[in-house]
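**Student:** Checked TrEMBL, it gives:
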{"type": "TRANSMEM", "residues": "12-32", "note": "transmembrane segment"}
{"type": "DOMAIN", "residues": "32-138", "note": "domain 'Cadherin'"}
{"type": "DOMAIN", "residues": "139-247", "note": "domain 'Cadherin'"}
{"type": "DOMAIN", "residues": "248-350", "note": "domain 'Cadherin'"}
{"type": "DOMAIN", "residues": "351-455", "note": "domain 'Cadherin'"}
{"type": "DOMAIN", "residues": "456-565", "note": "domain 'Cadherin'"}
{"type": "DOMAIN", "residues": "580-677", "note": "domain 'Cadherin'"}
{"type": "TRANSMEM", "residues": "690-715", "note": "transmembrane segment"}
{"type": "REGION", "residues": "795-830", "note": "region 'Disordered'"}
{"type": "REGION", "residues": "917-971", "note": "region 'Disordered'"}
{"type": "COMPBIAS", "residues": "961-971", "note": "compositional bias 'Basic residues'"}
Amino acid sequence: MENRQHRRGKWLLLLRTPGWKLFIVFLMASSIDGQIRYSIPEETKKGALIGNVAQDLGLDLSRLRSGRARIVSGESNQYTELKADKGILVVKERIDREQLCGEVTLCSFSFEIILENPIELHRVTVEILDVNDHAPTFKNKVINLEISESATIGSHFDLESAYDPDAGIYSLQNYVLSPNEHFVLKQHSNADGVRFAVMILQKPLDRELSPHVSLKLIAVDGGTPQRSGTVNIEINVLDNNDNPPKFNQSLYKAIVMENAPIGTYITTVNASDADRSSDGLVTYSFSNIKGNYAFEIDSLSGRITVVDSIDYEKDKKYEIRVIAKDQGGLTDASKVVIEVLDTNDNAPVITIMSFSNTVSEDVPPGTTLAVFNVKDADSERNGQIKCSVDSNLPFKIQSSLTDYYNLLSDVALDRETTPEYNITITATDSGSPPLSSFACLHLKLSDVNDNPPIFEHPNYSTTIIENNTPGGSVFSLSAQDADWNQNAKISYFLEDTDVSGSPVSTYLSINSESGVLHAARSFDYEQITQLVFTVKAQDGGSPPLSSNVTVKMLIQDQNDNPPQVLYPVQTGGSVVAEMVPRSADVGYLVTKVVAVDVDSGQNAWLSYKLQKATDRALFEVGSQNGEIRTIRQVTDKDAVKQRLTVIVEDNGQPSRSATVIVNVAVADSFPEVLSEFTDFPHDKEYNDNLTFYLVLALAVVSFLFITCLVVIISVKIYRWRQSRILYHSNLPVIPYYPPRYSDTLGTGTLPHVYNYEVCRTTDSRKSDNKFGGAGGQNVLIMDPSSTGTMQRIQSEKSILDQPDSPVEQKPPNNDWRFTQGQRPGPSGPHMPYGTHIRWTPKNGTRATGGPEVAMGTGPWPQPPTEAEQLQALMAAANVSEATATLGPGTMGLSTRYSPQFTLQHVPDYRQNVYIPGSTATLTSNPQQQQATAQQATQQALPPPQASAQAEPPKAAQTPASKKKSTKKEKK
């Protein structure tokens, strides 16, 4: 067998001929299936490689794994195995060709390799090559022959045939007879290829010399090495037997039905022998019985009958050699051919090759749902199969390969209509009677989001009462989705629409899961009467499907508005009266009360009633139209002034009302009416409100007036007290003059700068003018309590430390400057003296000193020494009398430059006065004039160079102070 391994081969047969192309649709995929043919010797060991399926089919290993490639076959025995991870086909079980195929020369078996996703079906045929594993065998170990010594030369004797189950060259090929001098061997073959041997007598037998002859017959096959079988031939030589038996037919034919019962008669063979007596007795026997035949022959009569079951699927025809033998050992042979007629004894066998019990509902018609194989062991019509399913089901069966069928969808499937199917496949043969088999498949449809949500109604209408509570439930919507699971999960949304110019979301909200509508705010029927919006229901599929429905929500009116009276108009400032002439008859139309109610329906139905009247017997009000008419004749006794109170009431529950007052004048002329109605009181409520507001306004004005008055008086008292403190003290007010006071522009016509003190009082006769010399002067400021002194540069609070005090020196505003034409005295570059007036503005800012002070670079003069303070104290006694005569007030100059220019802002109000346009010093006191002249002379002199500080200015001397000064100098 090992030497024959080279005979193994493989062929890949693709059925691509123009006349035969196999197209099979599997799950929306189309593939051309081919046949792969392999050949292997029988008895190949388990696990041996048959072939590389992946390579031969042109498939990747990944495709085999993903498609779950497997072998499907209708046979009970699985001889091969597919290694999907390697793509190879190997031997799974021991294969015996003789057991698998019997005497069939070409032995093979087929199976299918199926792949899924998409489904592909490939047929594989494995041919089993025979090996010489069997030797020829004889049924019997010894062949006994009786031959008469009178047998003529050329007589032939049929021998038992040997049986070799191998096929082809490995089957029985030759017979060999052991060497002898009497017989030779001649070989023949039947139509089925079975070889048999015949011995021919070539030398007469002599019973006296050799009564018994022993020979050997060897059967040899064609294998290498050859296998053989041997049988012994024992020949007994008898006396004379002249005539051998002869069959009347060389060939007998018979027919037997499959599954014929035991004992069924087949046929009878007949042979005759010309000899007499015992030599003419013929017996019959089968020569080449293979295994256990289903037939037997009566040895005397030659009648052949059935002794075992006959299966057409195993043996379709029997060829039997019958030997007729007489008592002299002479024989003759004939052939009996028995044909087996097939009966329909095998029902079709259904094998499901591929089936998925779940399929999507949106598969197109013609999609393959299952692949199955149907086989029938019967032949011809008995083996012709027809497959079908229930005609009420949306499926059909289509044949693909031989014995293979596809279950296809015939129409579009809908899970919502039928979620699952029980499919019964029926396979029926064409026998008589026909046989059928069934296979049941349970198919479930998986859901696809192919159904949008459906509302219960095409549109909805609901109502809600106005003045509802925000956040409350208003209405509930519900939609159904025929899909399943997530595809049937519905969410609700409000479509973006505008209602009265505002988004609908400002009015309503919806629960996305339950579909309950909630009011986002309180509705007012008078503002909006209805809401028309769209609600969308959307499922949870992918992509999601949705449907819309229109909802109309009507706002129901509620009696929340009282009637409004349009006429007569109620005014608070005037009286409107209707005139009724005294000659008016009964039913005279006085006026008509006109009212409206913004509510609707019965809430707006108004009724009118007369609540109060000056004379109820004179007027009436129409309950429906509000007309006020007289109910009797007007007389002279009726009062001119008639006051009617009419109630206008709506029909709501509860009802609301409004009251209107109608003034009626019973008179014939307007003057009479005017005189009567001038004293008509105003409406009480209006008068009460007006009185309240008037009293409130008066109280506020009075409070503001008193507050302002108190503030003004407090300020006046404070300033008066400050001025009194200065007047009652013995300390003079010594002003401070910055050194070299000049115009801030620094452009003057005089070469020197001089200072003047201008003192004005309420009594101009006591005013004087003081001419000051050039140079810096220090100022001594005393504490108002006369207990100590303080310097000018200290920052603590004092009586003189006011906003208009000369503590902070700032340049004057442009309003306080003098132009060159306004400067005092004659102008010119050669004038030795000039005058300059120092003003104190309202904010207390004085003119600066010399150029260095004006520019902010020069230092201020040093404060006065103790000696200078002592001189100032002594000079204070001379001015005490004059200070007593002066009071607080403003000077004549302050009316132009500052309304707050008081006495404390000027250095001295009693001494000097300056008259613009003149250099003269005017005074009413001769002594004053003399002192002024002396002071001017001293100031004209240049200051001493040794002195580091300029002396402070001296107060103008009066006659009294002049005497004290003389005494002081003497001391």
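Using N, Cα and C of the backbone, Cβ positions are placed for all residues, glycine too.
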**Student:** Considering only the recorded stretches 32-138, 139-247, 351-455, 456-565, state which has the highest number of Cβ pairs under 8 Å to the domain 'Cadherin' (580-677).
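**Tutor:** Ranked by Cβ pairs under 8 Å, first place goes to 456-565.
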**Student:** What does DSSP give as the helix, strand and coil breakdown of the domain 'Cadherin' (456-565)?
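**Tutor:** Going through the domain 'Cadherin' (456-565) residue by residue, I get 7 helix, 52 strand, 51 coil.
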**Student:** Restricting to the domain 'Cadherin' (139-247), what is the model's mean pLDDT?
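**Tutor:** Reported value for the domain 'Cadherin' (139-247) is a mean pLDDT of 86.
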**Student:** Across the domain 'Cadherin' (32-138), what are the DSSP residue counts per state (helix, strand, coil)?
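**Tutor:** The composition, in the requested order, is 16 helix, 44 strand, 47 coil.
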**Student:** Can you count helix, strand and coil residues in the domain 'Cadherin' (139-247) using DSSP?
**Tutor:** 3 helix, 55 strand, 51 coil
